[in-house]
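Heads up, the thing below is written out as structure tokens.
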Amino acid sequence: MTIRAIYNTLLLPDVSYYFKKDFFPNQEPVHTGADILFMLLKNEKEDGNYTPEDFYPIGISARIEGDSEGDTVHIRTLDRMDFSMVEIENGQINAAAAIRPEIQDMSEEEEKEEFGKLRTALLKFVQGYQWGLWARSFILQRKNMNDLVCALSDYLNLSPDDKYAILAADSRRERYELITRAVNEFMELSKVAEEAKTAQKDNQEQLYREAALKKQIDYLQKELDDMHPENVSDVRKFEKKIASSGMNKEAKQEAEKVLNRMRQEGKESHEYGMLYDYLDFVTSLSWKTPRMPKIDLDKAQAVLDEEHYGLKKVKERIIQQLAVMALNKKQHGSILLFVGAPGTGKTSIGQSIAKALGREYVRISLGGIRDEAEIRGHRRTYIGAMPGRIMEGMKRSGASNPVMVLDEVDKLAKDYGGDPASALLEVLDPEQNSTFTDHYMNVPYDLSNVLFVCTANSTDTIPEPLLNRMEVISFPGYTAVEKFQIARKHLLPKAMKAAGIPEESLEVTDDAIRRIIEEYTMEAGVRGLKKQMDILCRTAAVELVRKTGDTLHVTEENLEKYLGRNKLHLEKRLTQADPGVVTGLAWTRAGGEILFIESKLVNGKGGLMITGQLGDVMKESVQIALSIVKALYPEETKVLEEKTLHIHVPAGAVPKDGPSAGITLVTAMASLVTGKPVSTDYAMTGEVSLRGTVMPIGGLPEKLMAAQRAGITKVFIPADNVEDLEDVAEEVKTKLEIIPVKKVTDVLDRLLG
Ligand code: ADP
């Protein structure tokens, strides 16, 4: 019997196959009724040189049923065959073959049932397809499981091994299971592929649809624009601005939303203005991430020196900050807080930092802000809603990395309108400020490239969490010598320039400047001095215009002609020493001041009388002082049983509270009861405990400067404050005898013996 090799075909018993005639070379007996054996190849070889190992051991027998139409041969399979002793000679296969029995482990009904189930599933599956109708009749023609699976085998996802496994299964049940699995897998795979295809199509369709809709919108828009040409310019203008702004995604979305509203509403709408303002605001902000400019420390130092005289320590600290920024490659550093009296150069040095860095400068005044919305903005639902001051400042700067000076952070108030300090905290916190969201804008803005500098007169009223974020740098105020240099080098030339006075037309002598500082100003900073320079130049300008050509000479003698007689009534040292009167030193927001403590015994029935609007802490100091004096001078204080002790602290402008007048009060009372006057050369500051210990105080540099300004020559300070002398200008230290004391008796011994 002829043995034929066949590859990759699902062979099962009792199934019809149709072969091409050329599958059987001419010499072979292909006549009807001839028997033939098929062996399955594991692999196909191009040269056709097969060895026995290339065959699977199980094959099938078949009978040629006859020629069917034209060039095909109809074959019907019979039994599964076991092949052995395979030999191949000149392409001819010789082997022994024996029928391999099947294990009939399914009843006929069961077989029918399984076949029915599979066929139903298949019929259902093909329903959805265009070729479903053809497939339906094809499936309905299959008579049994073997027939069905062989007809479908080209469509199923079966490897040569899979096909052989079905043939090799001896148990019917096992074979049916293999077949069912193969068919089900095929159906599932087809479904998934189909779904993917539909999804892809949907996507494509959506894109087409979107493009078409956009075109339609554009078209309709143009028509609308033609009807309302007055709206067009604004809308187009913002369209362009939004596109070129570099806004982040959220901002762009919001802006486009507002722009759409603007289109719909039209100019007559009462909302139009609000929408316009919003778009104008967000498109005026800088949204571009700034390049990190190179920091040149020498240049920065030069700029700082050029614009500000003195302030050595402050400048040193600023340069350090810039160096750290350069190393970290960051546009911001720690937040500096400049603390000092008005006119000490805090704000203007902020401006110099911007100049030194080549960055924009913007100043925001926070004084008196009560409402959180002033920082964070009002929600746009309000009529007249506005952005907060921070974002408004960003707009003014026109940059995304300006140097922003936040002035007077100590004057933020807390009120029903929320807590502005906590809003400010969010602005300054590097963890949060990259997504700062102003309520008006309603979209995040990156503030992390802003270099913040804050200023304050004192740290007392700054909330702790805010203060913790900042690095305090104090501006202690200027000495007379420094003020002179500032006036000469900066204030006067600037004032002349502002008044349009050429350099050669006005000469102010050194003595004149010194007199202005001494008699017309009384301050830690140079604001008053600047004002006087301005007045001087304005008066000089009038004179110059009247009689052109001459150079004006301003001297100590003719100064009053220019500045008037409005000399300040200064708190100068007392000229006469009286028992019970002693000079103290106070710290105020405007710097230091001297103050006088006066005491007197008046007729009455004992006890204390206090006048001069003292605060509670100072009233307590009076009580403590009295107890100390009573203990130290038991004899002398006996008079207090019949007389009333009146304490008065004049000078209305100085706020009088705080404990630092302690030793002054004790000395004044001791001087009164002993009847010994205290020399007016002396001033003093120090808190005192009930045991008479002198405790440290704040604001020493300012106080000593005030003492020196007032002509005091000797000052008692708490011994614990000696370290603070480092911050006091040399000029002040050389002019004062500074006497540190530990106990109040040290003062009394020296002054009263
Ligand atoms: P502050 O912010 O501390 O109140 P400003 O910065 O407004 O003070 O300074 C007030 C004026 O004094 C400004 O015109 C400033 O240029 C000038 N000024 C202050 N300090 C100096 C200084 N060290 N050198 C030159 N000008 C100064």
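Glycine residues also receive a Cβ, built from the backbone N, Cα and C atoms like all the rest.
A TrEMBL annotation is a machine prediction, not a hand-curated record.
Note that the structure is predicted; figures quoted are calculated from it, not measured.
According to TrEMBL, the protein has these features:
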{"type": "ACT_SITE", "residues": "SER660", "note": "active site"}
{"type": "ACT_SITE", "residues": "LYS703", "note": "active site"}
{"type": "BINDING", "residues": "GLY340, ALA341, PRO342, GLY343, THR344, GLY345, LYS346, THR347", "note": "ATP binding site"}
{"type": "DOMAIN", "residues": "576-753", "note": "domain 'Lon proteolytic'"}
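For THR344 (ATP binding site), other Cβ atoms within 10 Å of its Cβ number 26.
For ligand 1, there are no nearby recorded positions; that is, of ALA341, SER660, LYS703, none has a C-beta under 6 Å from one of its atoms. Those residues of the chain, other than GLY340, ALA341, PRO342, GLY343, THR344, GLY345, LYS346, THR347, with a C-beta within 8 angstroms of the mean position of the ATP site C-beta atoms are PHE338, THR455, PHE475, ALA524, GLY525, ARG527.
Following the DSSP three-state reduction, the secondary structure of GLY340 (ATP binding site) is strand.
Around THR347 (ATP binding site), the C-beta neighbours below 8 angstroms that are at least 6 residues distant in the chain are ARG363, VAL405, ASP407, THR455. Reported as a whole number, the C-alpha separation between LYS703 (active site) and GLY340 (ATP binding site) equals 13 Å. DSSP classifies THR347 (ATP binding site) as helix under the three-state reduction.
It is 24 Å from the Cα atom of THR344 (ATP binding site) to that of SER660 (active site). Neighbour density for LYS346 (ATP binding site): within 10 A of its CB lie 28 other CB atoms from the protein chains shown. Sequence-distant contacts (6 or more apart, same chain, Cβ under 8 Å) of GLY345 (ATP binding site) comprise HIS308, LEU311, PHE475, GLY525, VAL526. Counting every protein chain shown, the Cβ of ALA341 (ATP binding site) has 25 other Cβ atoms within 10 Å. On a Cα basis, GLY340 (ATP binding site) lies 19 Å away from SER660 (active site). Cβ neighbours of GLY340 (ATP binding site) (same chain, under 8 Å, six or more residues apart in sequence): LYS346, ASN457, SER474, PHE475, PRO476, GLY477, ALA524, GLY525.
Taking Cβ-Cβ distances under 8 Å and a sequence gap of 6 or more within the same chain, the neighbours of GLY343 (ATP binding site) are GLU523, ALA524, GLY525, VAL526, ARG527, GLY528, LEU529, LYS530.
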